[in-house]
Amino acid sequence: MTSQRYPHLDLLRATSIFYIVMIWHFDNYLPIHIFDTTPFEITTYTLLALFMYISGFLLSARNTISNFNDFLLFYQKRFIRIYPLFILALTLFYLTGMIDANVFFHAATLTSIITNDQPITLWFITCIIAYYLIFPVIIYRYSFAHCTISAAFAIIILVTISKLNSALVDKRAIVYLIPFTFGIISNRSAMVRKYTAKYSVVVPLFVAGILATCVGYNCGTESISRASSTAAIPLIILLSSKIYAQNCIITAVSYASYCMYLYHRVIFMYVVEVIPIHNPALNIFMLFVVGFISIFAISYAIQYTYDSLVDLTRKKRNVS
């Protein structure tokens, strides 16, 4: 286990969340759809896959699972880290009418992936939490074969259920498990690190592309584009590691990224109400600037306050 920071991954995580929140979802609040085109759609798939890759990579870098106590400790830490904030977001979505009670229940109990009754936007978080649940199994006494077989087994089960009843499984949960697993392997596998260094991005690019396209083919046409975008991840990682210089703003946005994704729709809902500007160009500009500042500031404050409360509770428990 290591606490090493990866500044270029902070850049990629911040870039991904900025794009999703302030470009892809920004269209929902405009009188006309500017970004609802195929290039933007493919970019969205790629950045969501990238976010999953980073999650798998960092989890693998910071956690070692070798016994039952490691399982329990991992679940305790990750549950405290993400689940309460997720439930708060679900509650806000319910109170503002974005989801109904049925969707709330299935998302809160993490069954929405297999009931395909996913909440708007927060479906991505249900996938992340589901992957976190199987992560200790994938990483247990790590070996390349064990990791790939475990992930492949999970994918086969989901694909089989999907084939039996296409309405049951959210196909996105199948597709995005690939970059998540690829992130784990990239961190842990000496073979991948060796070939990535020697042959640039060719090998991981080829492998990721083949795997993603195969799964995408079995999940439908839309999923082919969604899954195949995974193949771009090695190139993005390589380029970011070459050009990135550490920056406090990037680090802050990366730190707040989880809450920015969770709460941006609710925040945007109120920002739209307080900007009654009738000039379209000025309206878009003000929405963008005020929206981003509000989302970042509120999300950072929520994350910082929550982390402080968790740390305070942990210290009190240790003292007692």
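From the backbone N, Cα and C atoms, a Cβ is placed for every residue, glycine too.
Note on TrEMBL: of 42-61, 242-261, the range annotated with the feature transmembrane segment is 42-61. When each of 42-61, 82-108, 120-139, 173-192, 284-306 is checked for Cβ pairs under 8 Å to the transmembrane segment (12-30), 42-61 comes out on top. Among the listed stretches 42-61, 120-139, 284-306, the one sharing the most Cβ pairs under 8 Å with the transmembrane segment (82-108) is 120-139. Among the stretches 120-139, 173-192, 284-306, the one making the largest number of Cβ pairs under 8 Å with the transmembrane segment (42-61) is 173-192. A Cβ distance under 8 Å defines the sequence-distant neighbours of the transmembrane segment (284-306), meaning residues of its chain 6+ beyond its ends; these are 18, 21-22, 26, 29-30, 84-85, 252-253, 255-256, 258-260, 262-264, 267-268, 271-272, 275, 277.
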